[in-house]
Amino acid sequence: MSRFAILVTLALAIATVSVVIAQVPPEKQFRVVNEGEFGEYITEYDASYRFIESSNQSFFTSPFQLLFYNTTPSAYILALRVGLRRDESTMRWIWDANRNNPVGENATLSLGRNGNLVLAEADGRVKWQTNTANKGVTGFQILPNGNIVLHDKNGKFVWQSFDHPTDTLLTGQSLKVNGVNKLVSRTSDSNGSDGPYSMVLDKKGLTMYVNKTGTPLVYGGWPDHDFRGTVTFAVTREFDNLTEPSAYELLLEPAPQPATNPGNNRRLLQVRPIGSGGGTLNLNKINYNGTISYLRLGSDGSLKAYSYFPAATYLKWEESFSFFSTYFVRQCGLPSFCGDYGYCDRGMCNACPTPKGLLGWSDKCAPPKTTQFCSGVKGKTVNYYKIVGVEHFTGPYVNDGQGPTSVNDCKAKCDRDCKCLGYFYKEKDKKCLLAPLLGTLIKDANTSSVAYIKY
């Protein structure tokens with residue numbers, strides 16, 4: 001036999017052995033069907049849910065469990081839930097596999113010998129998968145920290161849910177500039193598909209955006225804070241002595257590299273970092289074991305952390321951090337705080353701005369509706385009504401707009417822009433900000449801050 005033939009035979013033998021090694025053993029394979037009775041306990045979003053059960057595999061690692069749930073009939077999401085059945089408090093959904101591609105009745109979740117975890121409709125159409133076929137997967141596991149993993153024979157992760165966050169970060173989970181770098185909100189409690197709010201990590205910082213018009217607008221976050229490419233939601237113990245922790249700290253930690261620029265914490269409408277040791281942001285300090293916590297970008301654009309308080313007898317989930325908090329009187333900075341439209345002062349929606357002035361606010365308050373929001377048609381003029389002492393939610397993050405410029409030039413830009421619903425003008429600094437979205441208008445004690453709203 002020639003040397004070439006020997007080499008080819010040897011390569012084929014090695015490949016054959018590799019394929020055998022890469023297979024999931026029969027006792028670790030599973031195929032489960034979305035069918036049967038719904039669970040009886042209260043869950044977030046008022047969702048109906050079904051347990052996933054297999055003789056070969058456990059889908060529960062306390063307090064985390066993988067299930068199917070729906071908020072609309074016959075549209076199921078494969079999701080991870082946190083909470084215990086004996087608790088009276090609502091159990092929470094903290095990871096979705098197929099939020100934009102729900103499945104129907106009798107859908108299947110399967111892990112075959114090739115190591116690919118597949119969610120498919122009853123007719124076989126694949127709706128979601130891990131794309132891990134023939135990559136050495138030998139098993140499936142839900143870890144005690146809520147990370148769902150597919151691992152190889154050495155325990156190394158081939159795929160993990162921590163690399164694919166949706167709207168939530170669990171303790172120890174990260175966003176990465178060179179990976180999945182954002183959280184995206186749900187559309188609503190009843191609609192789990194991608195919503196208009198996002199929190200994005202880039203080389204400049206961690207920034208919150210709202211996009212309802214095709215133009216992303218910044219409304220929160222830490223846009224000038226250097227996280228060095230990775231930000232991790234963490235909970236650490238603070239010790240008063242060598243043995244007993246006195247408190248637990250909720251943190252946003254940057255990548256573990258030396259020296260960081262503390263960033264520009266200019267008058268942002270948010271909670272400011274409590275200290276900045278090595279670039280770490282201290283969100284809050286709690287006096288109980290907050291190891292089971294999560295950070296959630298809500299469907300309303302809010303950013304909140306919740307911590308599980310095991311000693312409580314009722315309502316064991318506690319809101320342990322809020323970016324738009326009542327404590328810092330920053331609720332008015334949330335674009336959706338007053339619904340579609342409203343005038344907000346000190347955490348209260350006090351008025352509904354109209355061409356007739358500031359009227360009483362209700363959840364029916366809305367900006368003027370018209371199809372002619374620009375002066376592109378010959379002879380067409382655009383009308384505005386004026387609100388004195390008001391600020392747009394994005395103003396603090398864009399240095400109040402562009403300028404210096406005159407109020408007439410600012411108006412002319414909004415006149416010509418069909419997407420512009422109004423403009424905000426800083427008379428003292430001669431700054432101009434065009435607004436394609438209005439939402440919650442924030443009272444400004446400075447009467448030289450004026451809004452002009454189209455109608």
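Note that the numbers count up from 1, one per residue, in the order the chain is shown.
Placed from the backbone N, Cα and C atoms, the Cβ positions cover glycine too.
Taken verbatim from Swiss-Prot:
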type: DISULFID; residues: Cys410-Cys432; note: disulfide bond
type: DISULFID; residues: Cys414-Cys420; note: disulfide bond
type: DOMAIN; residues: 44-163; note: domain 'Bulb-type lectin'
type: DOMAIN; residues: 374-455; note: domain 'PAN'
type: CARBOHYD; residues: Asn56; note: N-linked glycosylation site
type: CARBOHYD; residues: Asn106; note: N-linked glycosylation site
type: CARBOHYD; residues: Asn191; note: N-linked glycosylation site
type: CARBOHYD; residues: Asn211; note: N-linked glycosylation site
type: CARBOHYD; residues: Asn241; note: N-linked glycosylation site
type: CARBOHYD; residues: Asn289; note: N-linked glycosylation site
type: CARBOHYD; residues: Asn446; note: N-linked glycosylation site
type: MOD_RES; residues: Cys374; note: S-nitrosocysteine
type: SIGNAL; residues: 1-22; note: signal peptide
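Taking the features listed in Swiss-Prot, we show where each one sits on the structure.
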{"residue": "Asn56", "record": "N-linked glycosylation site", "Cβ neighbours (10 Å)": "15"}
{"residue": "Asn106", "record": "N-linked glycosylation site", "Cβ neighbours (10 Å)": "11"}
{"residue": "Asn191", "record": "N-linked glycosylation site", "Cβ neighbours (10 Å)": "15"}
{"residue": "Asn211", "record": "N-linked glycosylation site", "Cβ neighbours (10 Å)": "14"}
{"residue": "Asn289", "record": "N-linked glycosylation site", "Cβ neighbours (10 Å)": "17"}
{"residue": "Cys374", "record": "S-nitrosocysteine", "Cβ neighbours (10 Å)": "15"}
{"residue": "Cys410", "record": "disulfide bond", "Cβ neighbours (10 Å)": "23"}
{"residue": "Cys414", "record": "disulfide bond", "Cβ neighbours (10 Å)": "27"}
{"residue": "Cys420", "record": "disulfide bond", "Cβ neighbours (10 Å)": "18"}
{"residue": "Asn446", "record": "N-linked glycosylation site", "Cβ neighbours (10 Å)": "13"}
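Nearest in space to Cys420 (disulfide bond), taking C-alpha to C-alpha distance over the recorded positions Asn191, Asn211, Cys374, Cys432, is Cys374. Taking a C-beta cut-off of under 8 angstroms and a sequence separation of 6 or more, Cys432 (disulfide bond) has the following same-chain neighbours: Gly401, Gln402, Gly403, Thr405, Val407, Asp409, Cys410, Lys413, Tyr423, Phe424, Tyr425. Checked against Asn191 (N-linked glycosylation site) by C-alpha proximity, the recorded positions Asn56, Asn211, Cys374, Asn446 yield Asn211 as the nearest.
Remark: secondary structure over the domain 'PAN' (374-455) totals 13 helix, 29 strand, 40 coil, with classes taken from DSSP.
Ranking the recorded positions Asn56, Cys374, Cys414 by Cα distance from Asn106 (N-linked glycosylation site) puts Asn56 first.
If you measure from the Cα atom of Asn446 (N-linked glycosylation site) to that of Cys414 (disulfide bond), you get 23 Å. The subset of recorded positions (Asn56, Asn211, Asn289, Cys414) lying with their Cα within 10 Å of the Cα of the residue listed as 'S-nitrosocysteine' consists of Cys414, given in sequence order. Taking the C-alpha atom of Cys414 (disulfide bond) as reference, the shortest distance to any of the glycosylation sites Asn56, Asn211, Asn289 belongs to Asn211. Each residue contributes its Cα atom, and for Asn56 (N-linked glycosylation site) and Asn289 (N-linked glycosylation site) these two points are 34 Å apart.
Each residue in the domain 'PAN' (374-455) has a pLDDT score, and their mean in this model is 91. Mapped onto three states, the DSSP output places Asn56 (N-linked glycosylation site) in coil.
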